[in-house]
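Working notes, beginning with the structure itself.
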Amino acid sequence: MSKQIEFNEVARRSLERGVDKLADAVKVTLGPRGRHVVLAKAFGGPTVTNDGVSIAREIELEDPFENLGAQLVKSVATKTNDVAGDGTTTATVLAQAIVRGGLKNIAAGANPMALGIGINAAADKVVEALLAAAKPVEGKTSIAQVATVSSRDEEIGEMVGEALTRVGTDGVVTVEESSTLATELVITEGVQFDKGYLSPYFVTDLDAQKAVYEDALVLLYREKITSLPDFLPLLEKVAESGKPLLIIAEDVEGEVLSTLVVNSIRKTIKAVAVKAPFFGDRRKAFLDDLAVVTGGTVINSDVGLTLKDAGLDLLGSARRVVVSKDETTIVDGAGTDDDIKGRVAQLRREIENTDSDWDREKLEERLAKLAGGVAVIKVGAATETDLKERKFRVEDAVNAAKAAVAEGIVPGGGSALVQASTELADNLGLTGDEATGVKVVREALQAPLYWIASNAGLDGSVVTSKVAEQPKGHGFNAATLTYGDLLADGVVDPVKVTRSAVVNAASVARMILTTESAVVEKPAEENEQQTGHGHSH
């Protein structure tokens, strides 16, 4: 496949056109008065959204050189989304502004590498200023404010605040589509996993179709339970104790299952059996988690423990177990706080050390089950398009709220960046083109506020000048079109989101500015024409 190559200013200008096309599509959504973008889908109806990263992901440009620029700036949005979960539009607008200012100076003879050094130094200084200005987020009201700003919806903000307050910072908040019109919050206490009873005959609550037991013993077994003679001695000890039994094993088969069912129907023993969730190492790890939660021991032949010899001392216990057709919940296991804290600390270390996003996600789920709980926000809406748009906003709000709890908040609406730019007034003591790099970033930091104001129908330049004169913490509230104390008004952004936007925008802009050539594949038709059949005279 033959290639096309562009060099120097021509290459950089092509990249800039790509950056501009993507950024111009995204930045109309910035701020509380930002507009929506409609995305056509290959299947199904169109999606209407104001979520920067969702828009960026859809954009592929026809011109291959411009497309390179668009893909580079798309990576700013996705990276910011991965780290902070929100702030993708801010990051895109910043990258565009740094690229534009940088290219202007390169065309006037500035050295791209020196500019890059200045841009880096400026980004580091801005991050330092943001972290210094951060206020910790405490309490449901503060969390709800962050979520409200992110989602532009007070109801969503309140719900996210409630969810995170209930499950804690380690808890999991998942967002699902509801089959009704209402948006609701469902909190699960205790440890829950997606496996239900092996037989409907275990049900104790016929109306709810669930097996519900109080003060139950919990048997954790790593293999299949198939032999009744091996299992009977333990079953008899449980029957003598008079307590109900929850069995979690790889499987319970044959005569063991039928014996449990018959005894449950006759009420001679209260028991319910479920399969252990997951496979392989994940199943082993999850059973170990359950052992910590219930204060029991996982019985398995690897460590010399067999069912035949097991006593009640190896069983865990829980204040309440609820088993439905699809899921099992263990509430208030008998594990000690110290053991659970130790296990949580171990999982945190594993999360820090893993390189795999998938592994990290699964470890975080396990951590949430152990440490906090699980909250599900079920999003409802009148139409499918509306539902998708609302779900995007709820997901952004959850991510923003978590980021705020992690690193604190700064005044929102782009004001924190404008005020952080004053830290760059002396060009950080740098000279020449490095100082020019700092100046490029200083000017670019005005861009998010400029576009928030422009999208609200005001003159962006006038608003940025006014905000620069305001005291720290004060700025422009685009929702009410007033100036004032943004923290008091609840117009706040998570530091993590703003910081990630600055770092990622500076990084990608530097790459574009220091590009001297761009190589792309030649479009297929051109290749065919050149190697074409036939002959000319």
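Keep in mind that glycine also has a Cβ here, set from the backbone N, Cα and C atoms.
Look at Swiss-Prot and you will find Thr29, Leu30, Gly31, Pro32, Asp86, Gly87, Thr88, Thr89, Thr90, Gly413, Asn477, Ala478, Ala479, Asp493 tagged as ATP binding site, backed by sequence analysis. In the structure as shown, the Cβ atom of Gly31 (ATP binding site) sits within 10 Å of 26 other Cβ atoms. Taken residue by residue with DSSP, Gly31 (ATP binding site) is part of neither helix nor strand, so it is coil.
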**OP:** Determine the most Cβ-crowded residue among the binding-site residues Asp86, Thr90, Asn477, using a 10 Å radius around each Cβ and all protein chains in the structure.
**Re:** Asp86
Subject >> Of Thr29, Thr88 (the binding-site residues), the residue whose Cβ has the fewest other Cβ atoms within 10 Å >> reply: Thr29
Original post:
Can you name the residues of this chain that are 6 or more positions from Ala479 (ATP binding site) yet have a C-beta less than 8 Å from its C-beta?
Top reply: Pro32, Arg33, Val491
Subject >> Cα-Cα distance maximum in Å, computed over every pair in Thr29, Leu30, Gly31, Pro32, Asp86, Gly87, Thr88, Thr89, Thr90, Gly413, Asn477, Ala478, Ala479, Asp493 that the record assigns to ATP >> reply: 20
